[in-house]
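Notes follow once the structure below has been shown.
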Amino acid sequence: MTEIKLNYHKTHFLTSAPDIRHLPEDSGVEIAFAGRSNAGKSTALNALTNQKNLARTSKTPGRTQLINLFEVEPNCKLVDLPGYGYAAVPEQVKLQWQRSLGEYLQKRECLRGVVILMDIRHPLKDLDQQMIEWAVSAELPVLLLLTKADKLSQSARSKTVKMVREAILPFQGDVQVEAYSALNRIGIDKLATKLDSWFAEIFTQTQEG
């Protein structure tokens, strides 16, 4: 596998889609970012790309109802999936999102990895576990990012990471767990390295072709 190092600071907004049927052509490599509505998904993407407003952060959880696509380089896309599990969203909308997320993870051919973000103080809620299950059953590698890591002391942080690593063992898939803080820039390099390894396939194909 070719080793690559992409410049995530060059990432730019590509397009938005209301659901999987309106996504662009299923080609290249996509990596999805998923998480509960208040997990800090937009903040994490902005920290990775060093762009304050790339992914719009909202004080109202559940605001991101569209699938937003960002291009790192041609054929390398980051996909910001709608946040899930926010109480104020009508039940019907919630179920529709969940169906859409499940459909995307199971059917999108160019999807090569899933980053699932969880608040380090409230990890592994039911819907988080559902997402891990879907990803693992689709044979997709998963990076679990425990966000807002700056809210805990270093020892509490290590303890939570260890606890989550043990708790996910029954899923039996390729699941990695890391602490992440956009504020203190904890885990940003690890996220970039993992994304590089997932995107590397496209460059290997290019060289072989």
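Glycine residues also receive a Cβ, built from the backbone N, Cα and C atoms like all the rest.
Here Swiss-Prot flags 27-201 as domain 'EngB-type G'. Restricting the average to the domain 'EngB-type G' (27-201) gives a pLDDT of 90.
Annotation source Swiss-Prot lists GTP binding site at 35-42, 62-66, 80-83, 147-150, 180-182, citing sequence analysis. All protein chains shown were included, and the count of other CB atoms within 10 Å of the CB of Asn38 (GTP binding site) stands at 15.
What Swiss-Prot records for Ser42, Thr64 is Mg(2+) binding site. Summarising the environment of Ser42 (Mg(2+) binding site), the number of other Cβ atoms within 10 Å of its Cβ, over all protein chains shown, is 23.
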#### Entry: Collapsed DSSP category at Asn38 (GTP binding site)
coil
### Task
Taking only the Cα atoms, work out how far Leu66 (GTP binding site) lies from Ser42 (Mg(2+) binding site), in Å, as a whole number.
13
### Cα-to-Cα gap, Ser42 (Mg(2+) binding site) vs Pro82 (GTP binding site), nearest whole Å
10
## Note on the structure
Should one count Cβ atoms within 10 Å of each candidate's Cβ, the binding-site residues Lys41, Lys148 would be headed by Lys41
